[in-house]
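In what follows, a single structure is set out as structure tokens and then discussed.
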Amino acid sequence: MRIILITGISGSGKSVGLTSLEDAGYFCVDNLPPTLLRALVATRQEEHADKLAVAMDARSASSLIGLPADIAWLQSQGHEVKVLFLTAKTDSLIARFSETRRSHPLSHRGFSSTAAEDRRTLTECIREEREMLSGVEEISHVIDTSGMSANKLRGWIKALIESDHSPLTVLFESFAFKFGVPLDADLVFDVRMLPNPHYDSQLRPLTGRDAPVQAFLQDQPDATALLADIRGFVEKWLPAFKKDNRSYLTVAIGCTGGQHRSVYMVEQLAAHFRAHEHVILRHRELD
């Protein structure tokens with residue numbers, strides 16, 4: 001049976017993720033206490049189910065301590081198990097809670113009357129939840145949903161599901177340092193030392209997907225050398241990541257604005273590795 005466990009920080013999109021899996025044919029259970037996981041799997045197996053998705057949150061944090069052992073046991077029974085940990089930057093989470101006017105699951109009282117006090121209380125809840133779930137995050141594939149719409153997250157989950165046949169999926173992601181490093185990055189490369197097409201008035205409105213920008217960077221010896229170095233590094237260490245039984249490897253490339261240099265590098269890397277790996281491409285500031 002294919003089993004996907006979804007957990008993570010409240011407000012990061014677990015409900016959207018679970019709905020996406022339901023649309024993909026998974027039998028979904030929300031807010032399942034981890035102690036009931038094995039029993040649920042046994043029941044679904046008796047019913048000859050082949051896909052199961054389960055969402056768990058911080059209210060079960062104490063029970064989640066035993067999750068690694070549960071995963072190992074399920075795998076020993078022949079099940080394919082993946083754990084997705086959804087997270088987002090604190091500012092994004094605060095904005096989402098503000099929009100929905102919902103209280104945090106760890107809050108034991110209603111929000112105070114002032115916005116400043118609301119923000120402080122919510123921030124404390126988010127910080128506590130991160131600490132409670134830090135152990136689970138370490139054994140999961142992390143997805144940073146900061147700035148993602150619900151539709152984008154659905155597409156991201158769909159791409160991950162479609163990669164289930166591959167032992168390792170490589171995710172190449174471009175980003176802007178001014179908006180922060182992606183929380184789900186395993187490897188981060190800084191390409192801000194390369195000549196910036198932004199300062200060419202004809203190239204400024206374009207992106208690293210466009211031929212003129214690509215031609216500009218291909219003419220830069222440093223860009224060619226850096227691309228070769230990053231490609232070589234990933235090629236050298238990819239076998240080690242596979243031996244570590246990882247399902248996903250996220251390689252993040254950053255520049256100042258996430259429009260030109262990082263986009264170009266990610267496009268080139270994705271094109272190269274698609275020949276022999278399952279690749280997913282994401283431009284955080286463009287998509």
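Keep in mind that glycine also has a Cβ here, set from the backbone N, Cα and C atoms.
According to DSSP, Ser15 (ATP binding site) sits within a helical segment. Other C-beta atoms found within 10 angstroms of the C-beta of Ser15 (ATP binding site) number 14, with every protein chain shown included. The ATP binding site annotation in Swiss-Prot covers Gly8, Ile9, Ser10, Gly11, Ser12, Gly13, Lys14, Ser15.
Look at Ala58 (GTP binding site): DSSP puts it in a helix. The GTP binding site annotation in Swiss-Prot covers Asp57, Ala58, Arg59, Ser60.
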For this session: Please state whether DSSP places Gly8 (ATP binding site) in a helix, a strand or coil.
Result: strand
Seminar exercise, completed: In chain order, residues whose C-beta lies under 8 angstroms from the C-beta of Gly8 (ATP binding site), counting only those at least six residues away in the same chain, are Lys14, Asp57, Leu84, Phe85, Leu86, Thr87, Leu133, Glu137, Ser140, Ile143
Problem set entry | Cβ within 8 Å of the mean position of the Cβ atoms of Gly8, Ile9, Ser10, Gly11, Ser12, Gly13, Lys14, Ser15: remaining residues of the chain near ATP | Asp57, Leu86, Thr87, Ala88, Leu93, Thr145
Seminar exercise, completed: For the binding-site residues Ile9, Ala58, the largest set of other C-beta atoms within 10 Å encircles the C-beta of Ile9
